[in-house]
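*Asks:* Just dropping this structure here.
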Amino acid sequence: MRSHYCGSVNESHLDQEVTLCGWVNRRRDHGGVIFIDLRDREGLVQVVFDPDLPEVFATAERVRSEYVLKVKGRVRRRPAGTENPDLPTGAIEVLGRELTVLNSAETPPFQLDEDEVNEETRLRYRYVDLRRPAMQKRLQMRARVSRTLRRFLEDNGFLDIETPMLTKATPEGARDYIVPSRTHPGSFFALPQSPQLFKQLLMMGGMDRYYQIVRCFRDEDLRADRQPEFTQLDIETSFMDEEGIMGLMEEMVRELFAQVLEVPLHTPFQRMSYAEAMARYGSDKPDLRIPLELTELTDIMGEVDFKVFSGPARDPAGRVAALRVPKGGELSRKDIDDYTHFVGRYGAKGLAYIKVNDLNAGREGLQSPILKFMPDTVVVEILGRTGAEDGDLIFFGADKARIVNEALGALRVKLGHDLGLVERGWRPLWVVDFPMFEHDEKEGRWVALHHPFTAPRVERPEELTGNPGEMISRAYDMVLNGTEVGGGSVRIHTTAMQQAVFNLLGIGEAEARDKFGFLLDALKYGCPPHGGIAFGLDRLVMLMTGSQSIRDVMAFPKTQTAHCPLTDAPAEVSDAQLKELSIRVKKQTASG
């Protein structure tokens, strides 16, 4: 039907006859000559129609934006002075000789070059939104990313193997999407939150190296980087420890950036322990492009006459930390109030500060309402530890360590962006030595920080003694510019170790048998040492395209309320369907 893409026609095609198909991006009538910018996936080209061909010209006069056309014509050089250097096709145009309207179009709900379009409207008319050049480029890059990753893994001996979509609910942290079974009334499948157990079973089945680009489902509250259904690059390999896995994944990501973005990433990637990341950045996914760090002050605040600081300093679960902002003394009182309100979202009760006006003037050169509570020795220690200089501002966080880390960690990122401190480029990082467990305060029990199949950094089950909060796992996360793009671990591969971890998590023998019996059985029959990783493909493409949300790199995403404006899903089903599934829906009343 066509000989070329619109965006691929160039000077090498001069004087050639081409057949093009696409949408009308714009139509202009200049002095009896009609110009149509014809657009397809690869770009647009200018087509010229003159009155020498009356029938063709008359058809061109009737054409409007977003009409679908087929054009046949000759490629020629644009007249001198009319070239468009911003277009790959800007040196040429096509003199139209035949024109067929393949379909007309109503006026679209928004212009494709309109920037401020309500997201609900964009998703409602996604088929129009997808025609935007920006969306086309993002999805094309997504395809290139997938192709490059597949090629690398295939070249390194990995097999693309599918795992079930209809499976059994397992406790993985988020709520499952469940699917009723018609043939087993009262029973339900669950859509997979990840292929975790199946990929481990593939290793037990001798598949050695597995990968899959797979859809995963989690029924959780949504944020800018979350969707109810999302795509993972899932990887598992046998007979390889964490050093081997991380090294291979570094090579894969380096190859990806070289091929798709033509950006060199230097290996090996930087590594940092979880404890160091939390101490220095208040986050287990620090953005290393921001040159701001937290400074530990807990050890010197226990005896100050200021309960806001001394209380957390004496609390084993508390923390007092500082965040020095170079030249932050220029921030106004309103700015500080705004940042105080910002950290309040993370549970912080306030945001104490010291402005450093003149270090040579001693206390007189400092400005802060909290100085009166601090002896000279503590003030000197704060200034020394933070490396304060004239013109700086020092913020403080004092509370439970979790709140301090979340509040100052988020403030660090916000200040970095607000003050233009974010360096250009890419800063990949491995975060390692994660805690094996964390304490769930609401449930009053220990839970797995990653998942209960992560191997601990001990050789024998009997070594799993002492405080669970101090046990270290063989887990690793890949972080890129402050976003976790991949997470994995070496897995437990013996029955005794798996049962010991279940016991620490309060999962009794009966519950373990009910939920994971198939895994426990498989471990008995010669399970190899194995490990793996999963990359969030949507997040990775979001970063590589410079997008603000993963919704911008997915063809048909849901809203932040897990609703699809295009299809109006989720929707009610008929009583007949419910009856066939042995389901009765209890309608919610106004009181809930």
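Just so you know, glycine gets a Cβ as well, placed from its N, Cα and C.
Swiss-Prot feature annotations, pasted as is:
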SITE      His30  site 'Important for tRNA non-discrimination'
SITE      Gly81  site 'Important for tRNA non-discrimination'
BINDING   Glu172, Arg218, His450, Arg491  L-aspartate binding site
REGION    196-199  region 'Aspartate'
BINDING   Arg218, Asp219, Glu220, Gln227, Glu484, Gly536, Leu537, Asp538, Arg539  ATP binding site
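Mind mapping these onto the model and telling me what they sit next to?
*Replies:* Annotation note: His30 (site 'Important for tRNA non-discrimination') sits in a strand segment as assigned by DSSP. Long-range Cβ contacts of His30 (site 'Important for tRNA non-discrimination') within its own chain (separation 6+, distance under 8 Å) are none.
Sequence-distant neighbours of Gly81 (site 'Important for tRNA non-discrimination') (same chain, 6+ apart, CB under 8 A from its CB) do not exist here.
Counting only same-chain residues six or more apart in sequence, the Cβ atoms lying under 8 angstroms from the Cβ of Arg218 (L-aspartate binding site) belong to Ala174, Arg175, Asp176, Tyr177, Gln193, Arg226, Pro228, Phe230. Secondary structure at Arg218 (L-aspartate binding site), as computed by DSSP, is coil.
This prediction places the mean pLDDT of the region 'Aspartate' (196-199) at 95.
Taking a C-beta cut-off of under 8 angstroms and a sequence separation of 6 or more, Leu537 (ATP binding site) has the following same-chain neighbours: Arg142, Val145, Ser146, Ile213, Phe230, Thr231, Gln232, Leu233.
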*Asks:* When a 10 Å sphere is centred on the Cβ of Glu220 (ATP binding site), how many other Cβ atoms does it contain?
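*Replies:* Around Glu220 (ATP binding site), other Cβ atoms within 10 Å: 14.
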*Asks:* What does DSSP give as the helix, strand and coil breakdown of the region 'Aspartate' (196-199)?
*Replies:* 4 helix, 0 strand, 0 coil
